[in-house]
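K.L.:
Before we start, here is the structure in question, set down as structure tokens.
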Amino acid sequence: MFSYRHAFHAGNHADVLKHMTLIAVLRHMLQKDAALTVLDTHAGAGLYRLDGDYATKGAEAVDGVLKLFALAAGTPATPLSPLIQDYLALIAEFNKPGRLTVYPGSPFVAQRLLREEARDKLKLFELHPTDSKTLAANIAQLEAGRQVAVSREDGFEGLRPFLPPPSRRALVLMDPSYEIKSDYIKVSACIQECLVRFPTGAYMVWYPVIPRPEAHELPRRLKTLARQAGKPWLHAVLSIGQGPEMDRVTLPGEQAPRPGLTASGVFIINPPHTLKAGLAEALPQLKKLLGRDKRASFTLES
Ligand code: SAM
């Protein structure tokens, strides 16, 4: 049923935007003493090798975290924004100094930041049989005890009983693969229900910017839901452009090159008040550093 495996895409530009934003949101939410619950509805396998077969096949990290890492290791003309620096520092913690072979997915990014003493909790949902097994095995190595729980369950359904959490503080990350068209509708329906169950929760949705009506409709729908609920929202999109390969004239009989995913967005409801300024500094730098050509762009609206 599932053909999507995040291992092919780990560390690409979309992961950079998503995980950098996730870290910034969590850093802010963790400033308060009360326990935080993080619900990751589509968790993936948790840890990825950037030198493994999956990652090298598409080499997507080359246009993402590996590019950023190499540029940061040199002497960037302008200092990197705090959000980018924080992101790279956290990724580096999973690796030997000066090398980048392991990439942490959202479960490990979140777990690294959560506090044991504050009784923060991380609930992970992953439906793919292989990836949920890998995720459970990766998490077991952390010896995180009861702080982290993995369920091989539909994340859209599974998160319901956890909202609202006892401490009334939660972040929901919704990051489906959008393999099936119905994921777009499920995301907005689920967010709509969550805002009724737990209006003060923070919600972060990632989505691909692709030529499909549903992909364009999703942020519009999320804006409407946030407005109807009277909640603040933030929407960031990063496009790295298609690259010169796409401008090349294809010879007769030759297959036209495909650019792969060139843009993605994150939509946050009830974002930390500091996030907009942080992203406003980081996005132009990401555009410049990761952009493949003049078509690279970003937007930030609230
Ligand atoms: N959030 C991960 C990260 O940032 O590292 C990446 C997740 S990947 C984009 C989406 C994952 O959702 C895939 O591993 C896929 O198997 C899983 N999946 C698809 N439908 C699901 C569902 N209904 N519930 C839970 N997991 C699902």
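Using N, Cα and C of the backbone, Cβ positions are placed for all residues, glycine too.
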K.L.:
Kindly point out which candidate in SER3, SER106, SER167, SER188 is recorded by TrEMBL as part of the S-adenosyl-L-methionine site with HIS19, HIS42, GLU126, ASP154, GLY155, ASP175.
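P.N.:
Looking at SER3, SER106, SER167, SER188, the one TrEMBL places in the S-adenosyl-L-methionine site next to HIS19, HIS42, GLU126, ASP154, GLY155, ASP175 is SER106.
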K.L.:
Count the other Cβ atoms sitting within 10 Å of the Cβ of ASP175 (active site, proton acceptor), across every protein chain shown.
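P.N.:
Other Cβ atoms within 10 Å of ASP175 (active site, proton acceptor): 24.
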K.L.:
In angstrom units, rounded to an integer, how far apart are the Cα atoms of HIS19 (S-adenosyl-L-methionine binding site) and ASP175 (active site, proton acceptor)?
P.N.:
11
K.L.:
Using the alpha carbons only, what distance in Å do you get between GLU126 (S-adenosyl-L-methionine binding site) and TYR4 (site 'Interaction with substrate rRNA') once rounded?
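P.N.:
Here the two Cα atoms are 12 Å apart.
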K.L.:
Cα distance, HIS42 (S-adenosyl-L-methionine binding site) to ASP175 (active site, proton acceptor), nearest Å?
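P.N.:
A Cα-Cα distance of 5 Å.
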K.L.:
Let's check the environment of TYR4 (site 'Interaction with substrate rRNA'): how many other CB atoms sit within 10 Å of its CB?
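P.N.:
TYR4 (site 'Interaction with substrate rRNA') is surrounded by 16 other Cβ atoms within 10 Å.
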K.L.:
To which of the binding-site residues HIS42, ASP154 does the lowest count of other Cβ atoms within 10 Å belong?
P.N.:
ASP154
